[in-house]
């Protein structure tokens, strides 16, 4: 018989997992890009990879402390945003989309190639960079602590606390920005950049600032993402970008809490479906193999997202009124 | 004609704007905008080729011409939205060549667009506030500290509401701009342009697609700009409107300025009639050229 308790408790774990926090933060970066500024960034995985590798390489190769490694990652992502933005932000929106998707792949392949194996670890990736981060952990207890389904080790709790703290700070930062006159200019650019230019605003500079802010969010998300696991280049493929897009549209593109809620819903559903399907196949409910079952969860998530876009196109937290004017 | 017999007295026209004869490129008493040798080609087509033109200050100047005459392209060049192949132009004595569009706007030269560009998913009030100049909170770092910009924001809002009231859009201020009608969007765009206290307002076809009931109020607003000391340059196809409000008319055809003058005399100008109707509009092509007739006959024979 199916063990519903373990399916639900596994799903509940995803509610606060650091991976959920990382996806929420990356999606918040995309909300700044797409939801507020109208920039089509299809390379958020590239920004995450730069955060992950920037941190890991700084620690492993150069022996930087935690704060230094974080700054290296942020600096690298600003440079990456400038490289992407300088040639494309003067052009139409679709050019940025093409350049970002290509640049993210270039980044991933540079980290995969054997040429830099001594630094990047090639396809095997990197690990053993967590010492400095764990040394900062004020929690120290043996075994697991917590309540209900949320029983974690001290290191896991530290990942969760830091991950969600960064998400909360980023949410506050974005909220402050978007209610300010700066946010008004950014939203104006989303609607019609020529009109904003005619009103005396330096549109190019605003778009660049937005690209950098959203990119840095992606980079920080990349760092949170690698704390519970190792750095593996194949994790930063384009499918990562599209999961983040799915989360953004699920939550609502031009909302601040939408990406956070979207990420939670996405991961809880994904975990629930995968647990349910795996158990159901074991119990012989579906005539498919376990390998096939592993893929089926993505199909179910895809169907769920399709239904959402058809019946609630503004996302979970989006403003319904906005959709009535979208052509 | 006495004023008793004309109950609808027309607007007061500015006269004596030019020096010498009213001919293409003639000098003005007090020009606000001077363009010299501005050219722009698209492939083999010379869209704009303006040798010299001066726009008089404090007056309403109409830029007219048939479709494809290069009026909008000339507008784009003047406001930095397009780059010319050659030429210099000055606004208030300052050169505008190679100045990006947003800096042109900051100098006090604000334009509107032929196809209205209201920012649909912003409220009408936010549309207006976006037009304000030098808002401290539009800087990324200062925007995070509301106490730096809150007072200025209140002043901007008060000004925006006052302008909206003048344009009778105040009841709509919290609605999305996308919910406005086409005519209201034209009004909003004009009101938004006024938020920065411009010295020169350039309107690209302000009457296009506006229903006749709104036309009169739009016209009054344009005349109002002049009484407030602003200079207006507008592109328009509606000759009634041009005659009604323009103090000076510049006529373009095939990229060139072909005539200038006050609205009444310029419409009698042979070059203008030619530009609109074609130089041979009153000659009978069939009778005058027997060779044409023979060519047609040959064509008919070939087909048979």
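Every residue gets a Cβ built from N, Cα and C, even glycine.
Nobody curates TrEMBL annotations by hand; they come from automatic prediction.
Residues annotated as transmembrane segment in TrEMBL: A:20-39 (among others).
Annotation comment: TrEMBL describes A:46-64 (among others) as transmembrane segment. Listed as Cβ neighbours of the transmembrane segment (A:46-64) (distance under 8 Å, sequence separation of 6 or more from its ends, same chain) are residues 22, 26, 29, 70, 72-77, 80-81, 100, 103-108, 111, 119-120, 126, 128-129, 131-132, 214-216, 218-223, 225-226, 231, 233, 236, 240-241.
Annotation comment: TrEMBL describes A:70-89 (among others) as transmembrane segment.
As annotated by TrEMBL, transmembrane segment applies to A:96-119 (among others).
Annotation source TrEMBL lists transmembrane segment at A:157-178 (among others). Non-local neighbours of the transmembrane segment (A:157-178) in the same chain are 16-18, 21-22, 24-25, 28, 31-32, 36, 133-134, 136-137, 139, 145-146, 186-187, 213, 217, 220, 224, 227-228, 256-257, 260; each lies 6+ residues outside the stretch with a CB under 8 Å from one of its CB atoms.
According to TrEMBL, the feature transmembrane segment maps to A:211-230 (among others). Using a Cβ-Cβ cut-off under 8 Å and counting only residues 6 or more beyond its ends in the same chain, the transmembrane segment (A:211-230) has close neighbours at 17-19, 21-26, 28-33, 37, 39, 41, 44, 47-52, 54-56, 70, 73-74, 76-78, 80-82, 84-85, 89, 125-127, 129-130, 133, 156, 159, 162-163, 166, 170, 177.
Residues or ranges marked as transmembrane segment by TrEMBL: A:236-257 (among others).
With a cut-off of 8 Å between Cβ atoms, the residues of this chain six or more beyond the transmembrane segment (A:264-288) that come close are 1-3, 6-8, 10-15, 17, 19-20, 23-24, 243, 246-247, 250-251, 294, 296-298, 300-301, 304, 316. The transmembrane segment annotation in TrEMBL covers A:264-288 (among others).
Positions annotated as transmembrane segment by TrEMBL: A:294-311 (among others).
When Cβ-Cβ distances below 8 Å are used as the criterion, the transmembrane segment (A:70-89) is approached by residues 39, 43, 46-47, 50-51, 54-55, 58, 64, 95-96, 99-100, 103, 107, 204, 207-208, 211-212, 215-216, 218-220, 222-223 of the same chain, each at least six residues removed from its ends. Tertiary neighbourhood of the transmembrane segment (A:96-119): same-chain residues 39-47, 49-50, 53, 57, 61, 80, 83-85, 87-89, 233-234, 236-238, 241, selected by CB-CB distance under 8 Å and a gap of 6+ residues from either end.
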